[in-house]
Amino acid sequence: MRRVFPLLAASLLLLLAAASAPVAQGHNITKILAGIPEFSTFNHYLTVTHLASEINRRLTITLLAVDNSGMADLLAKHLSVLTLRNVLALHILTDYYGAKKLHQLTGGSTLASSVFQSSGHAPGTTGYINITDHRAGKVTFAAEDSGGAPPVSFVKSVKEMPYNISVLQVSTILSSPEAEAPVAAPAPVNLTALMAKKGCKAFADLLLARPDVLQIFQDNLDSGLTVFCPDDAAVKAFAPKYKNLTADGKASLLLYHGLPVYYSPQLLKANNGVVNTLATDGSNKNFNYTVQTDGTDITLKTRIVTATITSTLIDQDPDAVYVINKVLQPRELFKLAEVVDAPSPAPAGSKKAKHASPPTPAGPEEAPADQAASDNAAFRAGSAGRWLVPAAASLAAAVIVVV
């Protein structure tokens with residue numbers, strides 16, 4: 001029996017070491033480049049083309065960054081935003097290449113896939129990048145369809161988080177006739193028609209009845225929009241409450257179902273936390289709710305209800321529309337339902353008064369969306385570490401003393 005205690009003590013010490021280990025963090029390319037003025041233009045257009053979110057959602061990535069001078073040459077061509085996206089997507093490699101790895105290429109060269117290649121817009125292999133390690137430490141990059149243009153050169157490593165993200169500066173923009181080819185604009189998204197065909201006709205009718213509200217949704221289609229559309233059954237069940245709202249209340253409730261930013265399913269799962277909505281005012285402190293991942297499900301939690309995404313109507317950057325199984329009810333318009341505990345069995349002859357359970361403590365609903373997601377993750381990781389370290393240490397000490 002005494003042999004068991006040393007084994008248990010060793011296990012607890014391993015738990016202590018694991019609890020003390022650093023927690024892996026995600027990356028935010030906008031923040032990485034924000035402190036480097038020479039990449040301000042490049043950083044701006046990563047956001048404009050929605051490639052920043054594409055970079056952030058990937059676990060392994062290499063970005064070939066170009067300084068403001070190199071971007072000026074590209075912008076002088078007056079390409080459309082959609083074409084600019086293809087050109088910049090060519091500079092995002094779907095594998096990790098740190099400065100050290102560039103000089104350790106098998107055979108001195110390799111072929112790397114880019115986000116332009118994986119987007120499906122690159123014909124054949126035109127979205128691949130040739131990386132070559134030359135003598136005297138020089139490394140060059142060239143697109144498969146460079147059109148005879150000279151390759152660009154590796155300048156320096158800007159940021160490396162092995163093996164998560166590597167930001168490398170290159171001398172100028174990669175040349176690619178295919179990436180620079182004109183791109184036809186996608187057909188405009190008709191929100192209400194899309195909803196009506198896919199099980200959200202009742203919600204679409206509510207939007208059509210309020211042209212002023214519908215216009216706000218439509219104004220965000222080009223810059224980025226995510227809509228959570230309650231299905232017809234949910235809207236029907238909620239109809240009595242909706243009728244009792246004021247005109248302003250109805251407008252706020254409808255706007256509460258839209259976010260002024262594009263969230264793909266992957267981004268929703270990766271960015272759990274509080275989000276601002278189209279109904280949120282300038283203070284960012286009202287009409288918010290929390291996005292959470294529950295197993296394979298994505299839920300939206302207000303202080304009143306929790307809704308689950310049941311299907312995707314459209315996921316086409318910069319717009320996404322999802323079907324949910326409940327109408328989202330903001331605490332600004334509805335009161336918390338009173339929860340009454342069931343009375344415990346009482347001895348004969350005694351009386352026990354019913355009492356209301358206290359409401360759930362307020363979550364971090366007042367934080368901005370991106371900060372809240374980061375803070376929540378850090379808090380959970382930190383809380384776990386703070387609890388595990390003293391607990392594991394105490395248990396290990398107790399077991400060793402017993403031994």
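Cβ atoms here come from the backbone N, Cα and C positions, even for glycine.
Taken from TrEMBL, the feature compositional bias 'Low complexity' applies to 363-373. Taken from TrEMBL, the feature domain 'FAS1' covers 26-140, 187-328. According to TrEMBL, the region 'Disordered' annotation covers 344-373. Feature annotation from TrEMBL assigns signal peptide to 1-26.
For the domain 'FAS1' (187-328), residue counts in helix, strand and coil come to 51 helix, 39 strand, 52 coil, using DSSP. Mean per-residue pLDDT, taken over the domain 'FAS1' (26-140), amounts to 93.
Across the domain 'FAS1' (26-140), DSSP classifies residues as 56 helix, 21 strand, 38 coil.
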